[in-house]
Amino acid sequence: MLFITRSSFVLLVLASVAYTAPTTQKTYDYVIVGGGTTGLVMANRLSEDSDKSILVIENGILNNGTLSSIPGNSGGLNLAAMYDIHSAPEPNLGNKNFLVTVGNVVGGGSYVNGMQFDRGADADYDAWGELGNEGWDWNGIQPYFFKSNSFDPPSKETIAAFNISYDVSAYGHGPLRVSIPDYQFPDMKPMFDSWCLEPIPQVKEGFKNPVGLYWSPNSVNKATATRTTSRSAYYDTIADRRPNLKLMTNTHVDEIIFEKTRLGLVATGVKYTPNDAKMQSQVFAAKEVILAAGGVFTPHLLMVSGIGPKDVLQAAGVTVKKDLSAVGSNFQDHIANYMNFKLEGLDPENIPALATNATFNQTSYNQYLANHTGPYSVGKSNGLVFIALQHFDSAYQKTVDTIKSQVATKYLPERYSKNKQLLAGYLKQRDILAKQFSGVNAAVGEIVIKSYGSSSTANNKPLSRGTITLNSTNPAGFPVVQWNTFMNPVDASVIVSLARFNRKHWTRPELAHYKPVETAPGPQYQTDEEIIQGGITSGSLAPSFAHPCGSCAMMPENLGGCVSDQLLVYGIQRLSVIDASILPMIPATHLQATMYAVAEKAADIVKSRA
Ligand SMILES: Cc1cc2nc3c(=O)[nH]c(=O)nc-3n(C[C@H](O)[C@H](O)[C@H](O)COP(=O)(O)OP(=O)(O)OC[C@H]3O[C@@H](n4cnc5c(N)ncnc54)[C@H](O)[C@@H]3O)c2cc1C
């Protein structure tokens, strides 16, 4: 284990600068910024070697509340465990400022998320390989899905009653337990069955073939019927047994420390401030500083530390240490259209009744406390539809032609016109998207099947690209988050096609007994423009499905990348990024299963450097 003094560390890195820091400073082998989903996976794997010392610094606290742990509570947001950050006005969404959903807690997103546990199509990961990232195609990342998760099926009775299909061999033997619970709300059966009648692929196991209709697990431990998180699976299980791992909570990392050496710019540590002390300290990393602060805060930390687009840094008065346009570029998310239908005749045991019927709510809660069963033991949904463009839009070829004929810069942030590398990377991504849009190997649209009238849809393959920049008057404050939703009109057309397809589904005779009436966006909105405007007015449209990513993309530098496939920030020594910001293209899936796998692979890469 390495706890060395600051002076010996300087010798280790062959620094050419004079040493001035106090000798009492602690140095760890690895300093991980962010104890969220990826940060704790990395901390666990690195601390397997008792000779290595690891410090994780997390802004949030160890939260033990039942709002997150009980699956039945996952319908709403646990705002107390999230950042209170809103986006810049979104010009194409009525200039509204939207909540940027990011966990601020040990466990990060895994602690506050909707617990959907699925993966993208093989083609989604192959795309990362096609962009020049060696070892990051499906074959390269698949073993790490196996390494991170393990699956528990529901009871035989539930399988028979709901006709649930699954294939255990699609999952692994990893620490994160996921499951399809024994309890399902009765209306889940007719709702799921109605989708079996659509001309879309029905797949036995979504974790094997993720394009189509399938039953899907939640990140829930079947034995205890509680949420599983990076904390419960990767930290709580080892914390007491590994003195070489330290987790510092309720502490904000303010800045990365660099030294100019003969080797170039080297990340040597971080400056941090405990949230309740407000006194800044420093800590040093002998081997690496590892950023796991997520798709929103990693680019912010890089920029505030002097790594980012020169103009953004200069406008905020931050000294430029490395002009890197990739930081805060390529920002992506799934675009949500939270459609909703008013239904009649639901079974008395239904999700909305938990909010409207106090007796049912209390009985259900007591049942959960007594034996971990019933309505509170299940999350939002175990039914998913992930479909190719041609599955929901017969005019898909027209969309493909439009994508190919567009002058890309017309629909991109200005920086892409000024920077050849950024544009080259985007054009390569666009070619991949055009290929995916014309085939059936990757999903473009998503519909979440629930047991009541909430019918969320999402465009999973945005062509628009957002930015994360510094607040020029307060660079240390929250970053400026700009999704640029619908900057590329193709994204809006996909949302419209998906809304029409979903609307049509709800007119099926098999669902007629529910007498569905669309309440969001609303049946009065019929033309393309009206459907978008109705989504804005009703509030069903949102720029994010809580999957911010891509803002420090893993791609070659000549394609506008931020980190290499070895996860090192270009132009800096000993600084790596492992969180959702590295995803070069967003896969068609909820992100957590992918992030667990990415972090497992990242841990092997970092270890191999040692
Ligand atoms: C509300 C919500 C619902 C979601 N629903 C689903 C779902 O149902 N299924 C699914 O698969 N995915 C879902 N996701 C997405 C998924 O959880 C995330 O993509 C994933 O957790 C991202 O992992 P990460 O490690 O990149 O970042 P995070 O897990 O967000 O970790 C980043 C951590 O860094 C900390 N941090 C940031 N800046 C600093 C700093 N300067 N100093 C110290 N600490 C810092 C944060 O507090 C946070 O804990 C959801 C996410 C949210 C927020």
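Backbone N, Cα and C atoms are what each Cβ position is placed from, and that goes for glycine too.
Per TrEMBL, the features are as follows:
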- HIS547: active site, proton donor (ACT_SITE)
- HIS590: active site, proton acceptor (ACT_SITE)
- THR37, THR38, VAL105, VAL253: FAD binding site (BINDING)
- 103-126: domain 'Glucose-methanol-choline oxidoreductase N-terminal' (DOMAIN)
- 1-20: signal peptide (SIGNAL)
Binding-site residues listed as VAL105, VAL253, least Cβ neighbours within 10 Å: VAL253
Residue pair the residue listed as 'active site, proton acceptor', HIS547 (active site, proton donor) - Cα distance, angstrom, rounded: 7
Lowest local Cβ density (other Cβ within 10 Å) among binding-site residues: THR37, THR38: THR37
Distance [Cα-Cα, Å, rounded] between the residue listed as 'active site, proton donor' and THR37 (FAD binding site): 13
Farthest-apart CA atoms of THR37, THR38, VAL105, VAL253, residues recorded for FAD, distance in Å: 17
Around the Cβ of HIS590 (active site, proton acceptor), the count of other Cβ atoms that are within 10 Å: 28
The residue listed as 'active site, proton donor' CB neighbourhood, other CB atoms within 10 A: 26
Where THR38 (FAD binding site) sits in the secondary structure, as DSSP reduces it to three classes: helix
Helix, strand or coil at HIS590 (active site, proton acceptor) [DSSP, three-state]: coil
The domain 'Glucose-methanol-choline oxidoreductase N-terminal' (103-126) [mean pLDDT, rounded to integer]: 98
